[in-house]
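Visitor: So that we are looking at the same thing, I have put the structure below in structure tokens.
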Amino acid sequence: MSIWNSLSLSTRYSELPPLLFTHVPPQPLNNVHWIMWNEKLAKRFNLPLDPAADAELLSGFSGEVVPPQFSPLAMKYAGHQFGSYNPDLGDGRGLLLAEIKDKAGASFDIHLKGAGRTPYSRSGDGRAVLRSTIREYLCSEAMFGLGIPTTRALGMMGSDTPVYREGYETGALLLRVAETHVRFGHFEHLFYSNLLAEHKLLADKVIEWHFPDCLDNENPYAVMFNEIVDRTAKMIAHWQAVGFAHGVMNTDNMSIIGQTFDYGPFGFLDDYEPGYICNHSDYQGRYAFNQQPRIGLWNLSALAHALSPLIDKADLDQALEQYEVQLHGYFSQLMRQKLGLITKQDGDSRLFESMFELLSQNSVDYTRFLRELSNVDTHNEQAIIDLFIDRDAAKLWVSLYITRCEKEHETVASRCKKMREVNPKYILRNYLAQQAIDKAQEGDYSELEALSLLLRSPFDEHIEFEHYANLPPSWGKKMEISCSS
């Protein structure tokens, strides 16, 4: 029996109006082969733990042979890119293959990135290169390990197909899994095209599939938007707390369910630099690290405008007004956890602000600082103080911090243990990703495999991987990444 017959597969998105997508067959790569396979995620969907155990997996997921249970399609959407509306967007190199149910009965999209040209490719070749595919695979799993809402990576395939970017590279494929691939830009496309019947139908389906609790409400569309605002605020609060810069927060890269989506020129902070720009095409710093909360609101406002045929302006405004309150609440909660604080006290915001100021002024590594702080008590303050150039200012802050901790009436051991569970020892620094890419391009996937294992449990000590916690070398700091992928 074919493996595809044993899985719970469907193609419900293809039941939507055809102006939302185009059926496109994948264009196979040469000599395609597995590079990575996410065993834990595969198990969740009743897929084999070893992809080599069934040749149909490679031929089907790579697009060489399209199983009858698949219905490959490229989605049509629009979006605001760097603040300007662009109606000519869509899946230019990715295809939604099918939807699959996990063991709990939840439905997930299976999306193949790098599958070839589509009607929405514009001048692109429809391919993804190994370099960018490795980055997305690693980062989506790193974000999952950090507990941040994200799409997932099920597998990665390599090939011998040459793909030209700044120079010749090899084509690769990413199997992305997500609860949905509906973006803010889907609603923008229908709204600006004045396709209001289809616009309402998409909203109805999104509520049915992803916000079923809204169905019993008198105004399900307004409740859905409230939920989108809340989830987006929560996602961005997580980004800011862990030091993640997305790099290209266009509305077509915003998930309707608040999951981190479309990993491109992302970066994690090394030194705490609020204005960090990871995308070298972002000349104005629109998507700088410290601008992400503001851009989240801008994008939600764009979505609100696109949903205005369904929701009263007063309801939209009320939801948008809650965004900053929600984001600040989530962020403050996350920072209290990172600092080992249980209760909410009046001076906490100032404690956080003074910490960020001190980190920025002294160019202190953000991840290293919080991990070291997870081991601080009155007997080993010096380890933290030594991270700073201005040691007097650091000593004063540490003293204030310890005084604040003493108000919690919790043992030092208990506090430190909880802090180590939320402050990662390991993050996907750009230089680590680059080292894995360099080796993979030579056919050595050992670094990729090691990082994948490590980033799934970034809070553990992993003594055998200690060197991955090292600060970046000079060449690896403040790397700006191209959108070219």
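Backbone N, Cα and C define each Cβ position, glycine as well.
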Visitor: With G90, G92, R93, K113, D125, G126, R183, D262 listed by Swiss-Prot as ATP-binding, which of these, R135, R176, is given for the same site?
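Guide: Only hit among R135, R176 in Swiss-Prot's ATP site, alongside G90, G92, R93, K113, D125, G126, R183, D262: R176.
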Visitor: Please list, in sequence order, the residues in the chain of G90 (ATP binding site) that are at least six apart in sequence and whose C-beta is under 8 Å away from its C-beta.
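Guide: In sequence order, the residues whose Cβ lies under 8 Å from that of G90 (ATP binding site) (at least 6 apart) are A74, M75, K76, Y77, T118, P119, Y120.
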Visitor: For N253 (Mg(2+) binding site), find which of the binding-site residues R93, D125, R176, D262 come within 10 Å, Cα to Cα.
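Guide: Final answer, ordered: D262.
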Visitor: To the nearest Å, how far is the Cα of R176 (ATP binding site) from the Cα of D252 (active site, proton acceptor)?
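Guide: Cα-Cα, rounded: 17 Å.
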Visitor: Secondary structure at D252 (active site, proton acceptor) (DSSP, helix/strand/coil)?
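Guide: Assignment for D252 (active site, proton acceptor) reads helix.
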Visitor: Any same-chain residues 6+ apart from R93 (ATP binding site) with CB under 8 Å of its CB? Would you list them in sequence order, or say none?
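Guide: Correct list: K113, G114, A115, G116, R117, T118, S121, G124, D125, G126, R127, A128.
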Visitor: By the count of other Cβ atoms within 10 Å, pick out the sparsest of the recorded positions D125, D252, D262.
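Guide: So among D125, D252, D262, the recorded positions given, the one with the fewest Cβ atoms within 10 Å is D125.
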Visitor: Quick check on the binding-site residues R176, N253: which one has the highest count of other Cβ atoms within 10 Å of its Cβ?
Guide: R176
